[in-house]
Amino acid sequence: MASTTHPATSPAGSTQLSADWRDFVALTKPRVMTLVVFTGLCGLLAARVPVHPVLGFTAILCIALGAGAAAALNQWYEADIDALMKRTARRPLPAGRMARQDALHFGVALGAFSVLLMGVALNWLAAAILLVSILFYVLVYTVWLKRRTAQNIVIGGAAGAFPALIGWAAATGQVGALPLVLFGLVFMWTPPHFWALALFVRPDYAAAGVPMLPVVAGELETRRQILFYSIVMAAVVIAPALFDLAGWLYAAAAVALTVPFLLLAWRVSRSTETDPTRMAPERALFRYSILYLFALFGAVVADRLLLA
Ligand code: HEM
Ligand SMILES: CC(C)=CCC/C(C)=C/CC/C(C)=C/COP(=O)(O)OP(=O)(O)O
């Protein structure tokens, strides 16, 4: 989150470019990226091949830097709409603490460094998937789809599904069936995760003119779609257990974690609340979606390592 300790405007009211290191950290969206990095780490560990700790650390560092670079380039491109939304207005660019060019240079340099380091230290397959995920988030999601279609996050969400695949590829030099299922899982998880939030921050997106589903298709349709994607996600989640890609530990955790997810999605789908300040089930589903993915990926690794 953007720091608030150094004001964006002078006492006279003129804008100052007073970015410090905290603003560059904020530009990488560190809180969101913790889960991105965790899924990457789980992909690496689930591969169950020996990786030297220094190389393993380097791979995860590259995923973190690549994701951070993508986040910086996302903010470079959309400083205009970030300025119009309460949730994002205090970020370094819309708050006027950083020049747009600095964010662009930072993002490009960090992205290039992460991809090259991944290629040199690990392998070029992992580096190529990292590059694709950065380009997907920046070009496909941010530049192309976000302002054009309510399906923006369904397609663009693929960017956030790549890290498990990158972690696996970094360890093995290949992709495999399990990481492909994990990709599908995060891909299907993204719409309920994001639309739950979009329901209660809808006024923000409406004010900025971003065609998110609740703004364009309405709340009822968004609630229906949340339930639909949650059910498809549940089918993908159970697949590793059905197709012998995971053992009983994963199966038990998947059921125990997914039932509450579906119940929350069901509650959201039944709600008729239109006041964003009173959307408790939507907030609960959003919060739970994050906990859910952490726990589920933890279960994948525990299952693979403990039952090996
Ligand atoms: C296109 C796909 C996605 C969209 C549009 C999206 C959008 C958002 C938004 C708007 C927030 C609010 C937090 C903020 O203002 O910083 C958020 C929070 C969060 N997202 Fe997502 N998200 C997506 C995919 C993902 C993925 C793939 C992950 C990780 C695997 C993820 C992890 C998180 C986490 C951990 C938070 C909570 C951050 C906090 O505590 O402040 N998101 N997401
Ligand atoms: C390795 C790699 C490149 C990973 C990328 C991970 C990725 C795509 C995460 C998506 C999560 C995210 C911050 C979406 C925000 O959407 P937004 O930008 O519309 O949110 P905002 O309104 O907060 O800016």
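Just so you know, glycine gets a Cβ as well, placed from its N, Cα and C.
Under the heading transmembrane segment, TrEMBL lists 32-51 (among others).
Per TrEMBL, the feature transmembrane segment maps to 57-77 (among others). For the transmembrane segment (57-77), same-chain residues at least 6 beyond its ends with a Cβ under 8 Å from one of its own Cβ atoms are 24, 27-30, 32-33, 36-37, 40-41, 44, 51, 91-93, 100, 103-104, 106-111, 113-115, 117-118, 121-122, 126-127, 130-131, 133-134, 137-138, 141-143, 159, 163, 166-167, 170-171.
The transmembrane segment annotation in TrEMBL covers 98-118 (among others). Proximity of distant same-chain residues to the transmembrane segment (98-118), defined by a Cβ-Cβ separation under 8 Å and at least 6 residues beyond the stretch ends, is recorded for 17, 19, 23-24, 27-28, 58-59, 61-63, 65-66, 68-70, 72-73, 75-76, 79, 92, 126-127, 130-131, 134, 138, 166, 170.
The feature transmembrane segment is assigned by TrEMBL to 124-145 (among others).
The annotation transmembrane segment is assigned in TrEMBL to 152-171 (among others).
Below 8 angstroms of C-beta separation, residues 39, 42-43, 46-47, 85, 87, 153-154, 157-158, 160-162, 164-165, 167-169, 212-215, 219, 222-223, 225-226, 229-230, 232-233, 236-237, 239-240, 243, 245-246, 261, 265, 268, 276-277, 279, 282-283, 285-286, 289-290, 292-293, 296-297, 300 of the same chain, each at least six residues beyond the ends of the transmembrane segment (177-201), sit close to that stretch. Among the features that TrEMBL reports, transmembrane segment is placed at 177-201 (among others).
According to TrEMBL, the feature transmembrane segment maps to 226-243 (among others).
The annotation transmembrane segment is assigned in TrEMBL to 249-268 (among others). Long-range contacts of the transmembrane segment (249-268) within the same chain: residues 192, 196, 199, 223, 226-227, 230-231, 233-234, 237-238, 240-241, 281-282, 284-285, 288-289, 292, 295-296, 299-300, 302-303, 306-307, each at least 6 residues beyond the stretch ends and with a Cβ under 8 Å from a Cβ of the stretch.
The annotation transmembrane segment is assigned in TrEMBL to 289-307 (among others). Here the transmembrane segment (289-307) has long-range neighbours at 35, 38-39, 42, 45-46, 48, 164, 178, 182, 185-186, 189, 192-193, 196, 237, 240, 246-250, 253-254, 257-258, 261, meaning same-chain residues at least 6 beyond its ends whose C-beta is under 8 angstroms from one of its own.
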